[in-house]
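This is the feature table in Swiss-Prot:
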- D8: active site, proton acceptor (ACT_SITE)
- D129: active site, proton donor (ACT_SITE)
Amino acid sequence: MILYPAIDLKDGQCVRLLRGEMEAATVFGDDPAAQAAAFEAAGCEWVHLVDLNGAFAGRPVNAAAVEAILARIAVPAQLGGGIRDMATIALWLEKGLARVILGTVAVENPGLVREAARAFPGRVAVGIDARKGRVATKGWATETDVMATDLARSFEDAGVAAIIYTDIDRDGAMAGPNIEATDALARAVSIPVIASGGVSSLADLLALRDTGSIAGAISGRALYDGALDLTQALQALRA
């Protein structure tokens, strides 16, 4: 299982939110590129980026910070937040992102996901953010009646590289991941599923790994708070 350290970008800074609330942002640094380089130096295989302003605005907002990160690191990076059309997808992939994450648009325009996955094989992921099993969009501000598992299954034949499943109520709360829901989603589809939201300790990571169904896990606040030791986590996952 791959550990994806998270860099959430708000106003050019590295922050973490509590359950997706922009007003509940904790600033962890003003040099996201240096943070990405530190994750790479520690041995991370990937870096997970989120343009928080972009998720709410529906267009890229923290482009300068993302480009600075891409210029600093050699490991692959994936980005979500505000990516809602083919032009933006193509632009980011040309700029050096390994993978784009489509969230809101996966609900509102699933045909775009299929088109992008065909055009850029292996480089398009779907972000499914859910509260009590129901998908939320537009930076989690809008709740839908779409069930997370149904949305995941609808992309089974689309060629998407991964599904990033976030349990909103666990995100940034240090409350532990929703292992049962994530495992159930991962077993419902053949697409690799990456868990996000609530990873707060090494035990959480190992519990996700031990399901045998989950391909990766994203962690942010726990790494910044020191609750999860990155070196120890990487060693444990490779053991």
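Each residue's number is its place along the chain shown, starting with 1.
The backbone N, Cα and C atoms fix where each Cβ goes, and this holds for glycine too.
These numbers come from a predicted model, not from an experiment.
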Report the same-chain neighbours of D129 (active site, proton donor): residues 6+ apart in sequence with Cβ closer than 8 Å to its Cβ, ordered by sequence.
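Counting only residues 6 or more apart in sequence, the Cβ neighbours of D129 (active site, proton donor) under 8 Å are G20, G103, V135, A136, T137, W140, T166, I168.
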Among all the protein chains here, how many other CB atoms are within 10 A of the CB of D8 (active site, proton acceptor)?
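Total other Cβ atoms inside 10 Å, all chains included: 26.
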According to DSSP, does D8 (active site, proton acceptor) sit in a helix, a strand, or coil?
strand
